[in-house]
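Engineer: Got a structure for you, questions after.
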Amino acid sequence: MEKQKWLSRLNMVFFTPCLLFSNISSVISLEKLLAYWPIPVFYVCFALVSFTFVHVVCRLVRLNAEFRGFVTACVMFSNTNSLPIAVITSLAVSEAGKVLYWDADDTQEAVAARGISYTLFYAIFGNLLRWSYGYRLLQIPIKDDEEEEFDYGTMTSDYGTSSGSGSIMSSSRPHSPILFSGRSSKYGGDASRTTSVNETSGLLSSFPALPSDAADDQLQQDDQLSMKTHVKRKMATWARSIHQFMTPPLYAAFLAIAVGLIPPLKQLMYDTFVHASVTLAIQSCGKAAVPIILVCLGAQLTDILEKEMQQQETHYNRKAVATAISIRMILAPLVVIPIVLAFVRYGSAYAGVAADPVFSVMMIIVGCTPTAINLVQISQVTGAFEDEMLHLLFWSYGVVCVPVFTLVVFAALNIVDTFL
C-alpha cells in the first residue's frame, strides 16, 4: 500500500505535469483562444450546472456535509481526455462519421483532428480547476469540534502574540536613545534654548541643530527599513498562500499556457533543437501518466477484492457514491444536451464553430462523460475518500457508462443530423 501511494505521489509530481504541459502547450494559442471562445463558456456553464445540482441534491438526500466535497469533485470533474478522444476517433472512421462532415471536402482525418483539438482545448480549463479547487475538495474533512479547537487556539495564540509584541514594543522604547533624544531636541528644543539662551549661546551658535538632523535621518532610515521588511513579509505571505493553493500539475499547466500564448517561447519549444531534446522528452514522460494511474487503480481494486474474500467489511459511503453517479450520468446530460442544442440553433451568428457538427457532438460528449479517472490519484495522495472513489469509478465505467453514454452519443448525432 505504501509503495502504491509513493507511485501515485511520483505520478502527480512528475509524470502528470509532463502530460499536462505537452497537451496544453501544443494546443493552445492566441488564435485558437479567440476562435474557440465558446469552449470556456461551455465549461463554465457545465461546471455551474454540476455545482448547483450537487448542492440541491445533497440537501434533498440529506448527505453528510463531510462527503459533499467528494460528490462535488466527482460531478464537476469529468473525463475530458481518454474517453472523448476514443469516441471521436471511432466515430470519424465509422459510417456515422459522415454526419460529422463540415463540407463536401471534409475527410475522416480532419473530423478526428478537429474533435481531438476541441477536446484538448476543453480539457485545459478542466485541468486548471481540477488541480486547484478539485485537489482541495478531495482532502480529509475537518470535523466541527476540530475546527472550533483550531480557531480557539489560533485566537489564543494571536492574542498572546499581539500582547507579546506590544510588551516588546513598550520595553524596547527606552533602548532607543537616538530616536527619543532627537525628538526631544526637535519638539522641546525651543523651551530649553529659551531658559538657557544666555548661558549656552556660544554652543548653540557653534552647533545649531545637528542632533535633530541626525535623529531625523535615523528616523527616515528606520522607516525605510521597516517598510522594506513589511513589504518582504507581505510578499512572502502571499507566496506561501499561492504555493499552498498550487499543485505540481497546476504549475505545469500555467507554464504551458505561457509557452502557448507567447510565440517566441512556442517557437523555441517546437521549432528549434529544443524540440528534439526537451519537448519530446517531456511528451514521452507524460505518456506514462495514464498507465500509472490505471496500475494504481488496479492495485487498489485488488486490495478491496482481497478484503472481501477475507470477509472484511469495506467501509465506504454508499449514499455519496450513488448520489455522485446519479448526478454525473443522469441529471447532467438532461441539462447539457439542451444547452448545446440552443447553441446549435442560435449560436451561428456569434461563433463560426457553431456550424461545425464535430464541435456540437464533442461539447455534448465532454459534458456527459463519467468522473475523471485521475481523481483516484488525488485521493491516493491525500488519503481521503479512497474506497468511495474506487467504488464510484467501478460502477461508473463498468456498469452505467456503456448504456448511458451510448444514448448520449446517439442523441448528439441525431441533433447534428437534424439541425445542421
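Cβ atoms are placed via backbone N, Cα and C, with glycine included.
Since the structure is predicted, the reported quantities are computational estimates derived from the model, not experimental observations.
Below, the features straight out of TrEMBL:
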type	residues	note
TRANSMEM	12-30	transmembrane segment
TRANSMEM	36-58	transmembrane segment
TRANSMEM	70-91	transmembrane segment
TRANSMEM	111-129	transmembrane segment
TRANSMEM	242-262	transmembrane segment
TRANSMEM	274-299	transmembrane segment
TRANSMEM	320-346	transmembrane segment
TRANSMEM	358-378	transmembrane segment
TRANSMEM	390-416	transmembrane segment
Engineer: Which one of these stretches, 70-91, 111-129, 242-262, has the most C-beta pairs shorter than 8 Å to the transmembrane segment (358-378)?
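Structural biologist: Maximum Cβ contact count belongs to 70-91.
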Engineer: Can you name the far-off residues of the same chain, 6+ from the ends of the transmembrane segment (320-346), with a Cβ under 8 Å from a Cβ of it?
Structural biologist: 38, 42, 45-46, 49-50, 53-54, 57-58, 61, 63-64, 67, 70-71, 74-75, 78, 354, 360, 363-364, 367-368, 370-371, 388, 391-392, 395-396, 400-401, 404, 408, 411-412, 415-416, 419-420
Engineer: Can we call the transmembrane segment (12-30) and the transmembrane segment (274-299) in contact, meaning three or more C-beta pairs below 8 angstroms at a sequence separation of 6+?
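Structural biologist: Output yes: the transmembrane segment (12-30) sits against the transmembrane segment (274-299).
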Engineer: Below 8 angstroms Cβ to Cβ, which residues of this chain, lying six or more residues outside the transmembrane segment (70-91), approach it?
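Structural biologist: For the transmembrane segment (70-91), the nonlocal Cβ contacts are 23, 47, 50-51, 53-54, 58, 63, 97, 100, 111-112, 115-116, 119-120, 122-123, 126-127, 129-130, 134, 137-138, 290, 320, 323-324, 327-328, 332, 358, 361-362, 365-373, 375, 378, 384-385, 388-389, 392, 405, 409, 413.
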Engineer: May I ask for the residues of the chain that lie six or more residues beyond the transmembrane segment (390-416) and have a Cβ under 8 Å from a Cβ within it?
Structural biologist: 74, 83, 87, 91, 96, 99-100, 297, 300-301, 304, 316, 318, 321, 324-325, 328-330, 333, 337, 340-341, 344, 357, 360-361, 364-365, 368-371, 373, 376
Engineer: Could you give the residue numbers and ranges of same-chain residues that sit at least 6 residues beyond the transmembrane segment (111-129) on either side and whose C-beta is under 8 angstroms from one of its C-beta atoms?
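Structural biologist: Beyond its ends, the transmembrane segment (111-129) has Cβ neighbours at 20, 23-24, 27-28, 32, 36, 39-40, 42-43, 47, 76-78, 80-81, 84-85, 88-89, 91-93, 97, 100-102, 249-250, 253-254, 257, 353, 356, 358-359, 361-363, 366, 372.
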